[in-house]
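Inspection log for the structure reproduced underneath, given as structure tokens.
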């Protein structure tokens with residue numbers, strides 16, 4: 001009986017160990033899978049948080065730029081055939097039409113049909129609305145002139161932001177067509193920010209710019 005009991009005892013122990021190993025293996029599998037899932041979820045959450053942070057920074061930056069333009073002011077003057085010619089403080093990116101409204105609108109004698117009301121204003125502009133009965137050479141400014149007493153300054157340099165077509169024609173290599181393109185460009189873009197911006201105009205390349213650089217300025 002003792003030998004038989006030993007055999008039975010050994011078999012019980014073997015079965016018990018086997019069961020223990022099997023159960024341990026089974027229990028260990030879900031745990032590993034759960035850890036991987038948690039790790040993956042953490043990675044996804046980290047990426048989402050980073051994306052939200054970047055998006056927030058971009059939104060803040062855009063908001064700051066928008067607010068900067070919103071509170072920026074320019075000082076301009078309007079003369080001629082408006083009801084209240086004067087110097088006005090305008091919002092940045094205002095148009096000629098906004099200035100005309102602020103000046104009380106046109107007089108009955110204003111040359112309304114040739115006014116470019118959509119033109120952007122820039123700081124220190126002087127806008128002149130002409131009388132419809134006056135004899136004048138209506139150039140590209142369509143009865144609205146940007147006048148500046150310092151069109152020529154700094155040793156005779158021509159300010160391309162205020163120069164007339166005739167003054168632009170006086171620059172070597174600039175003919176009627178190119179002068180017109182210069183004025184058209186500055187009207188549509190609200191003025192030149194730098195001399196190098198002239199290369200955006202057809203017929204003016206880097207070589208031409210270098211030839212006329214010492215004869216022009218941007219103010």
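Using the three backbone atoms N, Cα and C, a Cβ is placed for every residue, glycine included.
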Any idea which of 7-27, 28-48 is down as transmembrane segment in TrEMBL?
7-27
Long-range CB partners for the domain 'Helix-hairpin-helix DNA-binding motif class 1' (196-215) (under 8 A, at least six residues beyond its ends), listed in sequence order, are 156-158, 160, 171-174, 177-178, 181-182, 185, 189
